[in-house]
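**Student:** This is the structure, below, for whatever I ask next.
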């Protein structure tokens, strides 16, 4: 009986390692491609010439995918309690993307070639099923620890979760309204789809921050901070890049987003520095004992 259980556990670990490695590699490749070549990819997806608004939004999606690849690499090989964050993040991202694809294919059937939509739907379906099964096999675990001694830190993680949900929901609900005073081009459904996709990935980010509140050690919580920093820095770079490279497409209002993500990035980096110093002090304290 014990041998059977051990074999099952080993099989689960190997399956999880293969899954995480493949998915992290795909997220990384897609993220790099979207971040550095959003123009050609946008032209291919929509089968027409795209503009700087598309490129900026797709570049932001690329940054979020890079953040997803980072957290998969850091947590995907850990115990089920930590790997659960990765599974749920990818499950939710695939589910929201699937809804957007169905909305696009039914409301704007000529926006994206049908074969691309079909491939994307199947990929999202497979991701939803695979991660649901992986989460079910793991038992839907969640760390039980809550660090009541760090109310300020807990507030940062929870505010980060709220911001992720609020910003992501706003982009899904009314992307044109968020962009209309910032752009110099006439927007259409393709801009809306890019904005909503960015919003969907924004929402998924809340999972890591919410789960981090239940992680006991600072070095574990630092992974959530690093993930947010990767996303914020990527989006901030995309905003500054777009502001100067696509001046004919973007207006002066883009500085609002730049200010927001500059503040978010600075908070991440300062808190990350605090965690690093705190870890060093704890190690010195242990050595002196």
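Note: Cβ is positioned from N, Cα and C throughout, glycine not excepted.
Automatic prediction, not curation, is the source of TrEMBL annotations.
Sharing the feature lines straight out of TrEMBL:
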- 18-37: transmembrane segment (TRANSMEM)
- 82-102: transmembrane segment (TRANSMEM)
- 122-142: transmembrane segment (TRANSMEM)
- 162-179: transmembrane segment (TRANSMEM)
- 252-274: transmembrane segment (TRANSMEM)
**Student:** Short question: which residues 6 or more past the ends of the transmembrane segment (18-37) have a Cβ under 8 Å from it?
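**Tutor:** Counting only partners 6 or more residues beyond its ends, the transmembrane segment (18-37) has Cβ contacts under 8 Å with 58-59, 61-66, 68-69, 72-73, 76-77, 83, 86, 90, 127, 130, 134, 234, 238.
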**Student:** Which sequence-distant residues neighbour the transmembrane segment (162-179)? Criterion: at least 6 residues beyond either end, Cβ under 8 Å.
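**Tutor:** Non-local partners: 53, 96, 187, 191-192, 194-196, 198-206, 209, 264.
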**Student:** Using a Cβ cut-off under 8 Å, which residues of the same chain at least 6 positions beyond either end of the transmembrane segment (122-142) come close to it?
**Tutor:** 12, 15-16, 19, 23, 80-81, 83-84, 87-88, 90-91, 93-95, 97-98, 101, 211, 214
**Student:** Could you pull out which residues elsewhere in the chain have a CB under 8 Å from any CB of the transmembrane segment (82-102), counting only those six or more residues past its ends?
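**Tutor:** Residues 16, 20, 23, 68, 71-72, 75-76, 117, 120-121, 123-125, 127-128, 131-132, 134-135, 138, 140-143, 172, 193, 196-197, 200-201, 203-205, 207-208, 211, 215, 220 contact the transmembrane segment (82-102) from elsewhere in the chain.
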